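Here's what TrEMBL has on this protein:
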type: TRANSMEM; residues: 12-34; note: transmembrane segment
type: TRANSMEM; residues: 40-62; note: transmembrane segment
type: TRANSMEM; residues: 74-92; note: transmembrane segment
type: TRANSMEM; residues: 98-119; note: transmembrane segment
type: TRANSMEM; residues: 131-153; note: transmembrane segment
type: TRANSMEM; residues: 159-180; note: transmembrane segment
type: TRANSMEM; residues: 187-205; note: transmembrane segment
type: DOMAIN; residues: 192-340; note: domain 'O-antigen ligase-related'
type: TRANSMEM; residues: 211-238; note: transmembrane segment
type: TRANSMEM; residues: 287-307; note: transmembrane segment
type: TRANSMEM; residues: 327-348; note: transmembrane segment
Amino acid sequence: MAIITSRYERPLYATSSQKLAIGLVPVSYVLLASGSISPFFINVTLGIIFPTFILTIFAVLFRSQIFRYILVKSTLHLFPILTALLIATFQTQDLFYAYYKIDGAILATISVAPLMIYSANIIGVQAFVKFFIFTCVIVLVFTIIYKLHFGFWDRSVRFFINGPIIFGWMMSIAALMCLYMNKNSGSFVYVFLFIIFLSSVLWTASKGPLIALIISSSLFFIRINLRVVSSILFIFAFMTITYNIIETIGEGVVENTLSRLSVIGRIIDNNLEDGDFGSVIIRMEMISISMSVFLDNPLFGVGLGNWSFYSGLDSNMLYPHNVVMEILAETGIFGAIIIFSSFLYLWIRAESLGKLLAAMLLMEMSASGDMSYFRIPLSFLLLFAYSQHYRVTRDFVSST
């Protein structure tokens with residue numbers, strides 16, 4: 001029987017558990033990207049099928065003692081955050097939206113984090129990262145096919161599973177993972193994949209994921225060496241060639257994308273234009289409004305999902321596009337202390353890649369998205385905080 005080795009665990013005999021663990025990686029991606037374990041708001045049929053599928057997976061894994069332990073530990077770590085959010089619902093004027101946030105931030109995390117941790121303990125953390133990158137490649141391929149059919153350069157067309165922002169987040173996660181794998185394996189394949197995922201983030205023309213990825217990736221280049229320098233030069237050469245190709249086949253595409261991204265420089269120069277209003281200035285205004293809402297209701301906030309009722313802005317603007325200000329405004333000091341303390345505790349326990357992923361995702365969530373997307377950094381923090389602590393013994397593998 002074949003032997004599977006990993007960075008953290010002892011050699012394991014290949015069993016059905018290994019195959020199941022590998023299969024859990026794409027399932028984890030879908031759960032992270034979908035954002036809900038009961039998507040009735042999208043489609044009633046989907047709202048029945050999706051949770052049934054999740055419960056079936058849990059029923060299969062629940063026979064494993066270690067999975068039950070992982071599930072309990074993950075739930076306990078998320079319980080303080082859940083408590084803070086539930087208390088904030090006492091004031092809510094939109095119970096449906098409040099449930100949507102709890103579903104995305106906590107219930108989805110409880111669904112996906114144990115699967116990720118269990119998978120990483122069976123096949124190893126490094127193998128999990130490798131298969132997650134492979135999953136992102138597959139998603140990218142299907143996204144390209146989808147966009148070629150419905151509008152490759154049209155940002156309003158979905159990027160297959162998600163919109164441009166969440167797709168950019170997932171691709172930025174994969175890019176950072178490629179740097180991690182390149183550092184550990186030295187394989188040039190991961191440099192090439194990093195370029196692909198970086199190009200995918202650029203493709204979305206989303207400023208938040210791009211800025212966060214650049215900052216996070218830079219931390220990998222602090223200890224610079226010849227191999228890294230050559231890789232960076234290759235990246236610039238590749239992107240120059242790509243620019244020329246796109247400029248040739250895509251009329252006006254480069255100008256439009258650069259126009260969206262050029263606001264980054266204007267932010268640095270403090271020279272915003274009228275055309276930046278929908279992209280940047282409105283976000284600055286929402287941060288200012290959120291601070292005012294928080295100062296008026298400092299202890300318990302205005303209630304989960306109530307930001308739009310107190311902002312005085314258009315009713316379509318349901319959240320401030322900054323998770324920190326959203327938590328402060330809606331849960332107050334009480335909720336913020338609980339939520340950020342729980343997050344900080346996991347961040348301290350996590351290994352370096354988990355910390356960097358969480359920091360990058362928080363930067364991205366400071367520009368887009370609401371509290372429901374908290375599942376993504378929380379899931380990766382739980383993965384990298386605890387996956388190496390659960391040792392899978394040979395007896396356990398043979399019994400599952």
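Cβ coordinates are placed from backbone N, Cα and C, and glycine is handled just like the others.
Source: prediction; values computed, not measured.
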Leading contact stretch, 74-92, 159-180, 187-205, 327-348 vs the transmembrane segment (131-153) - CB distance under 8 Å: 159-180
Region pair the transmembrane segment (98-119) / the transmembrane segment (187-205), three or more CB pairs under 8 Å: no
Stretch among 12-34, 159-180, 327-348 sharing the most Cβ pairs under 8 Å with the transmembrane segment (287-307): 327-348
Mean predicted confidence [pLDDT] for the domain 'O-antigen ligase-related' (192-340): 73
